[in-house]
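Chemist: Here Swiss-Prot flags 11-103, 164-254, 495-524 as coiled coil. Taken from Swiss-Prot, the feature compositional bias 'Basic and acidic residues' applies to 14-72, 124-143, 342-352, 414-430. Swiss-Prot lists 73-98 with the feature compositional bias 'Basic residues'. As annotated by Swiss-Prot, compositional bias 'Low complexity' applies to 99-110. Annotation source Swiss-Prot lists compositional bias 'Polar residues' at 433-442. The annotation SUMO2 cross-link is assigned in Swiss-Prot to K168, K597. Residues or ranges marked as phosphoserine in Swiss-Prot: S71, S354, S366, S478, S622. Annotation comment: Swiss-Prot describes 1-143, 315-370, 405-447 as region 'Disordered'.
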Amino acid sequence: MEAFSVRFESASSIEERKEQTRNARAEVLRQAKHNFEKEQRGEERKRLRDEDTWMLPDVHERIEQFSQEHSEKKKKKKDKHSKKVKKEKKKKRKKQKCQKQSESTDSSASSEDEWVEAAPSQISDKEKTWKVKDKRTEEECDSHDIQRDEWMTIDFMSIKTVSSSSLKAEKETLRQIEREKTQVLEQSKLLERELNPYWKDGGTGLPSKTCILPVTKAKGVEDGGLSWLRKSCQRMKEQAQKENRNFEDIVAEKYGSMEIFQSKLKEAEKIAYKKEDCGWERWRKPTYSDRAQCSQASGTSDLVKCKNLSEDRHLEMEPANSSNYKFSGPDTGKRSGTLQTCRRESALRKNQDSSGNLRSKFLRPSDEDELSFHKRKNFESSSSYSPLVAQASLHCDFRKLTENSEESSASCSRSDRRQENRKPSDKKPLETWSYNANQHSTGGRREQLQAESMSCDPPGRGLQQDMTLTIAGPEAESTYILNVDEKNKLGAKIIKAEMMGNMELAEQLKAQLKEANKFKETQMPAKRLGVEHEDEQEVILIQTDKSGRMWPVSSPRETLDMKAERRKRKRVSTHEDKERVRYFPDDDHLSLKDLVKNEKIGTDINQNRLFMKMASKFMGKSDEDNYTLDDMFVSKAAEKEHLGKKEESQRRRAIAEHQSLAAKMAKCLYCFDSSQFPKHLIVAIGVKVYLCLPSFQSLTEGHCFIVPLQHHQAATVLDEDVWEEIQMFRKSLVKMFEDKELDCIFLETNMGLKKHYHMVYECIPLPKEVGDMAPIYFKKAIMESDEEWSMNKKLIDLSSKDIRKSVPRGLPYFAVDFGLQGGFAHIIEDQYRFPHYFGKEIIGGMLDLEPRLWRKGIRESFEDQRKKSLQFAQWWKPYDITKSKSS
């Protein structure tokens, strides 16, 4: 036979590969930290240089003027509102007075007929009734009766004063508390998703020394010192590993030689196994306990190698009081059944033992992995048991009681004594198992629930006792959130327990389910705190077409039926008496006005999308000449659509469009609300438009931008007032450069309509000689640009009409104007091949400039930008149209 070649890998190569990954991670972290610190330093430098706050003084005054106008408008609105409220209050008061007067007149009219005795006036003897009191005495009496208000009698010197520093300190404490709350919420979310057990519950990432529970070993009784010798072997092995010595030398120091130690072990094994022989005949089939003895004898023969007995691990959880749950004795009537069940159980335990090792590698780590890590690491792995083994060992515990229970229990107890590492309590092993399961995480609890479900099968007294042991101690058991499957399993166990008559178990399981539900209710609000703090925005959803027209999206008239999605669409009758009555199911509900409105609102994109959807679904169903494409569309149109599906799809599309537009505007370089907007480059602010300078190095001295305040994409979609103000800025710029004996060119490039770029109208000054030759250069470049065979006219003359009247809305274009004269326009056929720097490239060629100036632009420092803006502001001051407007 050919030997199969196995590829081995040395430990040094594995360690080297790990070291490389560690170094790579460290390098990535170092680079990220370096970049972050660099950004922080840059922001700090900007803050120190006032890059974010510095503006031209004229611009600052203009912004303050805008804010004052805005505040005055708000005040006027408030005054109007307050006046309305006052008028309403006056009306209410008048009504109330009228009602009171009417009530008083009614009461006086009714009380005229009644007689009332007057109270006798107590007048002193000195004073006569006919004498009139002096005014002074009346004033004195009034002064004695009137009391001052409480705030007038307060000693203001005793009032505690509040300083600005104390207010700042209080605000800082409140902010600190809010930060701590947010950190706690974030930490709780991270802890829920944490897979490493050593990071959970505030861990350090490394196993703590206290997490290893001290495990006391059960003493073997009447085993001839076998357990003691095994423990001694284990300790000698550990000593040899710690001191890096030979195992045989340590054995020779303690026992004289290895042969003496092996002879003692053999004698102890003989004494231990001699008592297990029950005088059974050789021809009889071996029972479960016999097979356990054989497996143990074969496992202990090679104790020098210190290997654990994997065959005996399924007996570690056997209860010491197994007299209640017995294997059948030597009765011939009951022997065959017990032998078959024991065989099944032993095979099942072996399978679970072998699968448990593999399964543990692919399970999500839980809290109980902390203990299993140390148990697998040391030689004490035999003392640890997995929940699967514990579950398997419980199969033999829950059995019917037999007559010869004592004989079978003796064999089970002897097999338990042979285990070298056991839990401390021999009397209540199930109780210890439930305690460990409660101590650990959800994995142990799920296994406990499985054990409870197994316990519900056979009724009996011993069954109820063990069930109380496994379920006992709900106080010590920490509740956790159950998922849907676990709740279903728990409900099935409750029903099963009620059917078997075990009401105590059913009540306990119900209480457990109730506690889990309560725990879930208390935990869910804490998780939603972060969502509640988020600001909700109320937005009018709009739909925009290519031409820039916008209209609000109508809310669904009928709620979307989710169940109807799964049903087949119903066919609507389209013909009556062999005549076509309708094409679509909603033809009866739509008037001619509605149809015209839908046709105007609908875009070519929607029609193409609908066409592609229908064609892709039914292209395979065409039957050559019998079932053509037209028939397919006609039959599809006759099917009734689901309720509200069309409106819901439009709403979803509008929400996605709004979100993408908001994200683009947040990063826009020319929007006032953007965080990246360079305020120090603004020169003048109008009503709808502002004038600014480029953030990169200018092509020529005086290079500037005319930009609308609102986020518009192109000149073809602008309103009339915005376009008029742009033309006013254009005229003043032309006049300014004419006085300096310069000519100027205005450029606009509208590309990438889906990306929602901000419209920029560039003004580039040129010398007079170059400016006179510019129309020839641009005309030739436009004729040679783009596709050879174009769908639209290549060169559009703008001398008689401006760009808004020459190019339809929604088309990408390039436009150039020469001073106050007209210019040329070109509709872009292929946006991917047409360069965005087309106009600047032509000017760069005319002036013989470096390509890097007009390709991406060279960055400028803040000082250079400030000098540039101050110089341009001096040029612009005599021609500023914003000041003339404001004055």
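Placed from the backbone N, Cα and C atoms, the Cβ positions cover glycine too.
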Chemist: Which Cβ among the recorded sites (K168, K597) has the fewest C-beta neighbours inside 10 Å?
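Modeler: Lowest Cβ count within 10 Å among the recorded sites (K168, K597) is K168.
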Chemist: To what whole number does the mean pLDDT across the coiled coil (11-103) round?
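Modeler: 78, rounded to a whole number.
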Chemist: In whole Å, how far does the CA atom of K597 (SUMO2 cross-link) lie from that of K168 (SUMO2 cross-link)?
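Modeler: Cα of K597 (SUMO2 cross-link) to Cα of K168 (SUMO2 cross-link) measures 59 Å after rounding.
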Chemist: Is it possible to list how many residues within the compositional bias 'Basic and acidic residues' (14-72) are helical, extended or coil according to DSSP?
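Modeler: Going by DSSP assignments, the compositional bias 'Basic and acidic residues' (14-72) contains 52 helix, 0 strand, 7 coil.
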